[in-house]
Amino acid sequence: MKPIRVRIKGLNSFENEQEINFEKLTKRGLFGIFGPTGSGKTTILDSITLSLYGEVARKSSNFMNTNCNSLNVSFEFQISGKEIKRYLVEREFRRDNKTGSVRSKSAKIVDITGDEVEVLEEGAKSVNEKCQEIIGLSLDDFTRTVVLPQGKFSEFLKLEGKERRNMLERLFNLQEYGDELSFKLARKIRKEREKENVLVGELKGYENINEDVLKERRELLKENNDFFNEASKEYLKAEEEYNEGKEVWGLQIEIEEKNRVRKDLMEKKDEIDLKEKRARLGESSSKVKPYIDNYENTLKQIDILKEQILSRENTMKAISLEKEDMEKKLSIAKDNKEKALPKFMIKHHIILDAIKEKDLLDNIKLEKKRLQGKIEKLSLEASNKEELIKQNIKDIDSLTLKIQNLESKIDNLKVPEEYKNKINEGIFLLRNYDEKLKHKNKLGLDCDKFQVDFEKAKSKKEMLFNKLEEERSKLDTYTKKLQDLNKDFPKDDVLLTFQEKLNDSRQKWAKYSEYNESLKASLRVVENSEQVLRTKKEEMTKLEDKISKVNIKIESLETENMAHVLREKLKSGEACPVCGSVHHIKEGFKEVDLKALETLKSELEGFEKKRKFENEEIVMCEASIKVEEKNIKKLNESINNLGEEFKEVSLESMEKKFNYLKEKVNKFNLEKIQLDDNIKDLSERSNKIEVEYQKEKTVEKQCEKRIVDLKSELEEAIKEFNEVAYTIENLKAELKIQDFKFEMKEILEKERVRVEAEGEIKDLRNLLNIRHTEKEQLMDKCSRLKEELSKNKAELKEKDKIINEKIELIKNKVGVLDNLYELKEKIEGTIKKIEEQYNLCDKKMNEIEDKYRKCSDEIIKYHSNLSSLKDRKVNDIDKLNKILMEEKFENIEKAKENYLNDKEINLLKSDVEKYKNELSKVNGAVEVLSKKLKNRKLTEEKWIEIQNNRVEKASKAKALQERSIKLEEEVKNIEIKLKELGKLLKTKQELEHKLSLLDDLEKLFKGKKFVEFVALNQLKYISIEASKRLKEITGGNYGLEVDDNGKFIIRDYKNGGAKRDASTLSGGETFVTSLALALSLSNQIQLRGSAPLELFFLDEGFGTLDSNLLEVVMDSLEKIHSERLSVGIISHLEVIKERMPVRLIVSPAEAGVGGSKVKLEIS
C-alpha cells in the first residue's frame, strides 16, 4: 500500500483542514516529520488508521478537537500489484449533543483508478471490512507493520525468559495457540467429562432392559390379543342385534305418532272447507275491484276539474284590471328616460373629471407630507450613526486589550508534556495496582469458595451413596415378591373358557324367555286385529250405500241446472242445439237451487274421504294379521332350535363359580400392578440418585483440581502485585510527589482553565471581527443617508409647484374645490332613479302579460280534460256491469263485502293446501313405515335386554383392549429403550475416544510448548532476513542468528565471524541490529496482507544517542530505503531534521489563532 494524500480536519490538535501530499513527501525515499512535543506529529499516523479502520491506533475514543463539533478525514492510497489500483476513503464524525461522545456520521470508500468513480461500500462497518479486505491486515497488524513505536527497538533483541515468550506470542499473534487454546482445551475436557458422568448415570437407568424381557412381554401381548378378538366377535354380534332392535323400536314409535297426527287432521276438515269457500269468493271480488276503483276515480277527477275551471275564470278578471293600470305607469316612465336622462349624464361626466384631478392633488399633498417626515427621520438617523461609530472604536480598543491579557495567562498555564506523561504513567500503574490487588483478593476468595464446594460435594456424595444402597435393597425385595406372585397365578384362559360357557347359557335362557313372551304377544295381536277387521268391514258396507244415494241426487240436480242454463241463453229465432226448435218457452220452469247442489257435493266429498280412510284401516289390519302369523311361525322355529341341553345346568351355580374365579384373578392383577409400579418407581429413583452421585463425584474432582490451579495462580498474582507496588514507589520518589491523582487533577484543572481561556480568546476575536465589520457598515450607511437627504429636499420643492397648478384647474371646471363626491352622488342618484323606474314598470308589464296568457291556456286545457273524463265515465260503467255479471255479484256493495286482499287470500289458500299436504304426507308416511317394519315386532322388555347384552359385551371387549394397549405400550417402550441403550453405548465409545485425544492434546500444549515451537520457527525465518539487512547496513561487518533456545547471537565478521551475545553490543550496534530485526519482523507480519506496504515509520527517541552514534544511525536509515519502500522518521531533533531531504514541519496549535498546521520543505 502506497499513501498518496491525507486530509485532516478536527482531529486532535488539527482544527482547520490540513492536507499532506505523500507523493511529494516520499519522492526521495527518506523523509522526516518534525515539530515540538504535542504539536500533532503522531496524529498524522492516527488520521491514516482512522480513515482505514474507523479508530486510532492509541485506542482513544475522544479524538475530536475540543473547538470542533465535526471531524473529517480522507485518505487516498495506491495498491501496486499486477494491476495498479487507486482508492479514496472518506469519513465524517459528529459530537453527540447530549453525551459529548464522538459518533460516526458517514463513511465511504471509492475506486478512483479510472475516469469513472465507483463507490465500493458505504457505512462505517462495511467500509472497515472493505479496507481490511483490500490491504489484508487488521488494525493491530497494520500498526505493528507500518510504525515502530518509541522504546521498542532494543526490547525485542534483549528480552529473555517469560517476557520474551509473551512478546513473541503477541508479535506473531499466537495467543490463540497459547493461554487461549489451553483454556479452551480445559473447558472442552471439563465439558466432555461432565457428559461422561451424565452418560454413566443414564446407563444405570437401563439395567433391567434386555431382549428376554421384550420377548416375555410380546408373548403376553399375543395371548391377550387372541382373547380380545373373540370378545370383539361377540360384541359385533350383539351390536347387530341391537341395531336391528333399535330400528324396529323406532319404527313402532313413529307409526303410533303418525296415526295420532292423522286423527287430529280429520277433526279440522269442516274449518278447512269454510276457508276454501271464502278464498274463492275473495278471488272473484279481487277481479271486480279494479273496475270499481276506476269508476269512482273518474267521478272524483270530474268534480276537481269543475272547481279548477271556476277558480281560473275569477283570476282572469283580476289580471285584466292590473294590466290596464300598469300600461299608464309605463308611459310616464318612458317619457322621463328619453328627455331628462341625457342632460344629467353630461353633468356627471364633468364632475368625474374634476374628481380625478382632486384625487391627484390629494396624492401629491400626501407625497409632500411623506417627504417632510422622511427628511426629518434621515437627519436624526445620520446623527445616531455618527454616535455609534465613536462607541464602536472604543469597544475595539477594549477587546484588543482583553485578548492580550488572556494570551499571557495561557502561557503561564502550560504544563511540560514529559511531566504529564509520567503522571499518566503513575495513574496507569495505580490502576494496574488496584486491578492486581482485586485479582489477588478474587483468587483468594475463589480458592476458599472452591474449598467449600469441595467439602459440600464430598459430603453430598457420601449421603447419596448410602441412599442409593438403600433404594437398591428395596428394589431387590419387590422383584422377589413379583417372581413369587407369578408362580401362584392361575392362567387367564381358564377364566375366559368358563366365561364363554356362562355367556352361552345366559343367552339361551334369555332367548327362550324372549321367544315365549313374543309368541304370546303375537297371538293377542292377531285376535284383536281380526275383531277390528270385522267391525271395519260392516261400517264400509253402510258407507257404500250412503255414497250411492247421494250420487243419484247430484246427477238429477246437475241435469236440471244444465237445462235451465241452456234456456236462459236461447234467444227468440235461434235454433235450439238439443231439439232444433226456434220457438222457446221459458215460463213455467222451476229454477234449480244451486246451494242444495253444493251441499250434496260437499257431503259426497266427506263420504269419499271417509271411505278412503276406512279402506286404509282395513288394509293395515289385514297386513298386521299376516305379519303376526309369520312371526308366530318364526318364533316356534326359534324355540325348537335352542334345544334342551341348556336347561340341565343351573345358571345360578355357574355364575357363583365364575364370580369366585374372577375375584381371584382381579386380586392377582391388582397386586401385580402395584408391585410393577413400585419396581418402576424404585428403578427411576435409583437412576436419578446414581446420576446425582456421579455428578457430585465429578464436582468433587473438579473442585480439587481447581483449588490446586488457583493456589498456583495466587502465588503468581502476589508476585506481580509486589512488582507493581515497587515500581509505583520508585516513580513517586523520582517525581517527588505522594498522590498521582491529585497531581493529575491539578494538571487537568490548569488544562481546563487554559481551554476555557482559549475559548474565551476565540469568542473575543470573533467579537472583535464583528465590531470591525460593524464600524465599516456604519460608516457606509452614514454616507448613504447624507446623499439621500439632499435628494429628498430637492423633490419637496417640485411637489409645491404641482399642487398650486392642480387647484387652479379644478376651480375652472366645477367652480368649487370641496364636496365633489356629494355632488357626484346626487346626480348619479337621479340617473339611477329614472332608469330603475322605467325598468321596474317594463318588467311588471311583462309579468302581467305572462300571467294573463298562462291563465287563458289553463282554462282551455281544463275544458278539454273535462270532456274526456265524461266519455271515460260512460265506458267505466259499461265495463263494471259486465264484470259484476261474470263474477255473479248482484251489485257493487256485494262485491265490496266479499273483498279480501292478496295476502288474506293467499293465507287462506295456504292453510287449505297445507292441510291437504299434511294429510297426504301422514298417510304416505304410515304406509312407508309399515313397509319398513315388515311385520316385525319388539316388546319393551326384549328391547331393554338387547341393550344390556350390548353394554356387557362392549365392557368386556374394552377391558381386554385396554390391557392390549398397555402391553403394546410396554413393548414399544422396551424397544425404544433398547435402541436408546445402543445409541448410549455407541456415544460412550465415541466419548471415550474423544477424551483420549483431548488428554493427548492437553499434554502437548502444557507449558506453552507448542507456542514456543511455532514462534522459534517464525523467528528463524526473521533472523535470516534480518541478517541480510544488517550486513547491508554495516557493510558486511555484522550478521544475526538464532540458537536452539531462540536467543539472538551476533556474528562479528570483523573478528572472523566470532559469536557474540547481544548484551555485549554498544549503543550504536544495538540500534542498527534492532532496526534490521524490526524491519524483518514488519515484512513477516506483512505476509499476512494481500497488498505490499510501501511505507515505514520510525517513531524513535533519538535524543539519547551521541553525535557519532547518531551518524551511524542516519547512515543506516539512508541505506534501507528504496523505490518500493519509503522510510519516515518522526522526531523533534534539529540534527536529524538537517539530514532529511524532505521534511514535513508540524506547527503546534495556538490559542485563539487555530489548530496545528503542516508545511512541506524540500532540500
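Using N, Cα and C of the backbone, Cβ positions are placed for all residues, glycine too.
In the three-state DSSP scheme, SER39 (ATP binding site) falls into the coil class. Its Cβ taken as reference, SER39 (ATP binding site) is surrounded by 21 other Cβ atoms within 10 Å in the chains shown. As annotated by Swiss-Prot, ATP binding site applies to GLY35, PRO36, THR37, GLY38, SER39, GLY40, LYS41, THR42.
Here Swiss-Prot flags 197-415 (among others) as coiled coil.
Here Swiss-Prot flags 446-1003 (among others) as coiled coil, drawing on sequence analysis.
When Cβ neighbours within 10 Å are tallied across all protein chains shown, the highest count among the binding-site residues GLY35, GLY38, GLY40 belongs to GLY40. Apart from the site residues GLY35, PRO36, THR37, GLY38, SER39, GLY40, LYS41, THR42, the chain places the Cβ of SER13, THR43, HIS1132, VAL1146, PRO1148, SER1156 no farther than 8 Å from the centroid of the site's Cβ atoms, the recorded ATP location. Its own atom aside, the Cβ of LYS41 (ATP binding site) has 25 Cβ atoms within 10 angstroms in the protein chains shown. The binding-site residues under consideration are THR37, THR42. Their Cβ neighbour counts within 10 Å are lowest for THR37. Cβ neighbour count for PRO36 (ATP binding site) (all protein chains, 10 Å cutoff from its Cβ): 12.
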